[in-house]
Amino acid sequence: MVSLYLENGLFLQVQSFGASGTQVGELVFNTSMSGYQEVISDPSYKGQFVIFSMPEIGVVGANSKDDESFFSSAGILVRHYNEFFSNSRADFSLSAYLKERGVLGICGVDTRSLIKTLRHHGCLMMVASTIEHDKNKLEEILKNAPRISHTPLVASVSTPKIITHQRATFDFKTLDYKPFDEKNSHKTIAVLDFGAKGNILNELQNVGLKALIYPHHTKANELIKAYEKKEIHGIFLSNGPGDPLSLQQEIGEIKQLIGAKIPMFGICLGHQLLSIAQGYPTYKLKFGHHGSNHPVKNLETNAVEITAQNHNYCVPEAIEKIATITHRNLFDNTIEGVHYKNAPIISVQHHPESSPGPKESHYIFKEFVKLLENFPTRE
């Protein structure tokens, strides 16, 4: 059994199918119909519980190859968990996977009702425990826990040292993995790691970019010197968890990088940090965008792209003063992509690498390559 207590006073006792323990986190919902392993292992979900709107979870099991990172969400909530899985690539059940990673698995939940609660109240903090079942004690645990906006999550999911991304990537044409070959790398970029997904790094690699992954607290001067020495040709700012406004030290360094006119590309949290660094702070959405079925309009082509999304914060409309808005969300008209006028920078709020999700926005990685080619390193 697992007991849940939400900050709105809701108390539930339901079934457990994952790890044991007590976890506190922010409750969000995800509308993806598949790809639960990639969601669970996405570093951006660090400190959060994820409700899956898809009622049946577990039917394809899990494996050792599709993880986005070594990090996980606090737990998942599902309507019905199916222990019997069928997939040629599966190595073990979802239950075994959750236990191995220390993730709470919660089933038998009226997920439709909970999602309606979040839509009405917004994201809520929650405590879940397989150990403590007293409502008053759980309420006390939640009361004393820090809010997610006050928790330094990025430091716990960033690389501690500079490493090179060299990973075999899955080829959807051959349905097999192709090894990394440095001969295919035409440019080298620095990745500021705020909690980068593995498949973002894979896509950078697939378009001919060698990715050097730097810690989140890397000083701007170090990157500027590397750019001037032609050791790197540009910078990528990754996705990651938490409130972007809590990263004040990183924002200060990014401001210097913008001033140095280095070509840059940001996704999700990276997109938000680029906005804040130029004086346009983000605001929090009521319940965020989480799922692989969000329509986005490309304002340059008028094409509608179905995208993967995972964020609770958004850049403001005022960003239009210094940037051209390139993409908009068709659910709520929020900004999904910009091209800055004052620097060689592009950024998007959604996830063009998908994983899970459709591949309709993959072209954005090639646009970054074009940006690097149009703004060569200094002589």
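Each Cβ is built from the backbone N, Cα and C atoms, and glycine gets one as well.
Listed in sequence order, the residues of the same chain lying 6 or more apart from Cys268 (active site, nucleophile) and placing their CB within less than 8 Å of its CB are Ser44, Ser238, Asn239, Gly240, Asn310, His311, Val348, Gln349, His350, His351. Residues annotated as active site, nucleophile in Swiss-Prot: Cys268.
In the three-state DSSP scheme, His351 (active site) falls into the strand class. Look at Swiss-Prot and you will find His351 (among others) tagged as active site, backed by sequence analysis.
Per Swiss-Prot, active site is recorded for Glu353 (among others), and the stated evidence type is sequence analysis. The number of other CB atoms found within 10 A of the CB of Glu353 (active site), across every protein chain shown, is 24.
Gln272 (L-glutamine binding site) is surrounded by 29 other CB atoms, counting those within 10 A of its CB over all protein chains shown. Here Swiss-Prot flags Ser44, Gly240, Gly242, Leu269, Gln272, Asn310, Tyr313 as L-glutamine binding site, drawing on sequence analysis.
Mean model confidence of the domain 'Glutamine amidotransferase type-1' (188-378) amounts to 96 (pLDDT, 0 to 100 scale). Per Swiss-Prot, the feature domain 'Glutamine amidotransferase type-1' maps to 188-378; the stated evidence is sequence analysis.
The feature region 'CPSase' is assigned by Swiss-Prot to 1-184, with sequence analysis given as support.
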Integer Å distance between the CA atoms belonging to Glu353 (active site) and Gly242 (L-glutamine binding site): 20
Additional residues around L-glutamine, ordered along the sequence, whose Cβ is within 8 Å of the centroid of Ser44, Gly240, Gly242, Leu269, Gln272, Asn310, Tyr313: Phe194, Gly195, Asn239, Pro241, Pro244, Cys268, His311, Asn312
Length of the line joining the Cα atoms of Gln272 (L-glutamine binding site) and Glu353 (active site), in Å: 18
